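Chemist: The structure that follows is given in the form of structure tokens.
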Amino acid sequence: MSTYGEFPLSRPRRLRTTAAMRRMVAEHRLHPSDLILPAFVREGAAEPVPLGSMPGIVQHSRDSLKKAAADAVSAGLAGIMIFGVPEDAKKDAAGTAGTDPDGILQVALRDVRAEVGDDLVVMSDLCLDEYTDHGHCGVLDAAGRVDNDATLERYAEMARVQADAGAHVVGPSGMMDGQVAHVRRALDGAGFADVAVFAYTAKYSSAFYGPFREAIASSLQGDRKAYQQDCANGREALRELALDLAEGADMVMVKPGMPYLDVLRDFAEASDVPVGAYQISGEYAMIEAAAEKGIVDREAAILETLTAFKRAGARMILTYWATEVAGRLR
Ligand code: PBG
């Protein structure tokens, strides 16, 4: 910065003097249509079931999910990402409920499409962990490891039943090698060429998934480090990105959000497809807990994190606060 005499020549503070000035020069602006609401639906629930680890979030009943989807339309959201929570007794080693046409996710997809039509992009999580009794994202081999290629066959079947139930977009989130190509081929082969694939491309093994495990009543033993990415690796995410794009991903995601803004930025620069960020359960729970303790200003903290995703290059943001924030943006 140069000066003339004793005064600074440039004063960036001038553009920060009033709220109107700051609004005018803001480089990024959140809009309801940036936001996607992740939602859980629990089989057999007569009423929504609150989640202890995520205050304000529930496992929906079929009825309350329909209402949440209708509210999402009114709020102007981009979409909804639905996760099914089957009855405990229906979990098995193969995750059979995930490919049952009458499984909870498929039933919920039909409900939601009947409710919202094409006014909201209806997305489904495509992964087995909600449906397996061991809690892993795939089927296991004889040694108890997740069997990549056998899992791909299960994902292909999941893609077909989810598309048949009305998903506009499927989100393969299990971090199996080749999952995008397999899902794409399965969709095309079954007449669902228009169903898009939103790939969980860089999905890191994260401590911040904690509350999600309660949300889907997961019985996971051990961890997912043998298939999800290691937080030490950023360049590796670019390799995953190249693979998913080559395999036909229509949109790519980075997950979790806040600890991986560098990866998000890399994706936004390196790819020409829309990039999403998933602000996950633990990120939600942390801010809610801090706000409850009076440590942070809740609304300001939420908006700051969501704006940071846009600044880093996200086109779409999955956040459990989607509907609430959209209401505030209007
Ligand atoms: C896998 C899946 C997970 C989440 C979304 N899809 C969990 C995991 O990989 O352990 C986490 C979402 C969240 O924490 O909010 N089906």
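Glycine is treated like the rest: Cβ placed from N, Cα and C.
Sharing the feature lines straight out of TrEMBL:
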- K203: active site, schiff-base intermediate with substrate (ACT_SITE)
- R213, R224: 5-aminolevulinate 1 binding site (BINDING)
- E240: Mg(2+) binding site (BINDING)
- K255: active site, schiff-base intermediate with substrate (ACT_SITE)
- S281, Y320: 5-aminolevulinate 2 binding site (BINDING)
Chemist: For S281 (5-aminolevulinate 2 binding site), which of the listed recorded positions (K203, R213, E240) have their CA atom within 10 A of its CA?
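Modeler: Checking Cα-Cα distances against S281 (5-aminolevulinate 2 binding site), the recorded positions within 10 Å turn out to be R213.
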Chemist: Tell me, by DSSP, whether R224 (5-aminolevulinate 1 binding site) is helix, strand or coil?
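Modeler: In the DSSP reduction, R224 (5-aminolevulinate 1 binding site) maps to coil.
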Chemist: If you measure from the Cα of R224 (5-aminolevulinate 1 binding site), which of the recorded positions K203, E240, K255, Y320 is the nearest?
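Modeler: Out of the listed candidates, the nearest Cα belongs to K203.
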Chemist: I'd like to verify something. Among the recorded positions E240, K255, S281, Y320, which ones have a C-beta closer than 6 angstroms to some atom of ligand 1?
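Modeler: By the Cβ criterion, which requires under 6 Å to ligand 1, the hits are S281.
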Chemist: Could you measure between K203 (active site, schiff-base intermediate with substrate) and K255 (active site, schiff-base intermediate with substrate) for me? Cα positions, answer in whole angstrom.
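Modeler: Taking the Cα atoms only, K203 (active site, schiff-base intermediate with substrate) lies 5 Å from K255 (active site, schiff-base intermediate with substrate).
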Chemist: Return the single residue from the recorded positions list (K203, R213, R224, K255) that has the minimum number of other CB atoms within 10 Å.
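Modeler: Among the recorded positions K203, R213, R224, K255, the lowest count of other Cβ atoms within 10 Å belongs to R213.
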Chemist: Compute the C-alpha separation of E240 (Mg(2+) binding site) from K255 (active site, schiff-base intermediate with substrate), stating it in Å without decimals.
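Modeler: Pair distance, Cα basis, whole Å: 13 Å.
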Chemist: I'd like the Cβ neighbour count for the residue listed as 'Mg(2+) binding site', meaning other Cβ atoms within 10 Å of its Cβ, all protein chains included.
Modeler: 23
Chemist: S281 (5-aminolevulinate 2 binding site) has how many other Cβ neighbours within 10 Å of its own Cβ?
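Modeler: For S281 (5-aminolevulinate 2 binding site), the 10 Å Cβ neighbour count is 25.
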Chemist: If H, G and I count as helix, E and B as strand, and all else as coil, what does DSSP give for K255 (active site, schiff-base intermediate with substrate)?
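Modeler: Reduced to three states, the DSSP call for K255 (active site, schiff-base intermediate with substrate) is strand.
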Chemist: Can you grab the distance from K255 (active site, schiff-base intermediate with substrate) over to Y320 (5-aminolevulinate 2 binding site)? Cα atoms, rounded to a whole Å.
Modeler: 14
Chemist: Could you give the Cα-Cα distance between R213 (5-aminolevulinate 1 binding site) and Y320 (5-aminolevulinate 2 binding site), in whole Å?
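Modeler: Rounded to the nearest whole number, the Cα-Cα distance is 15 Å.
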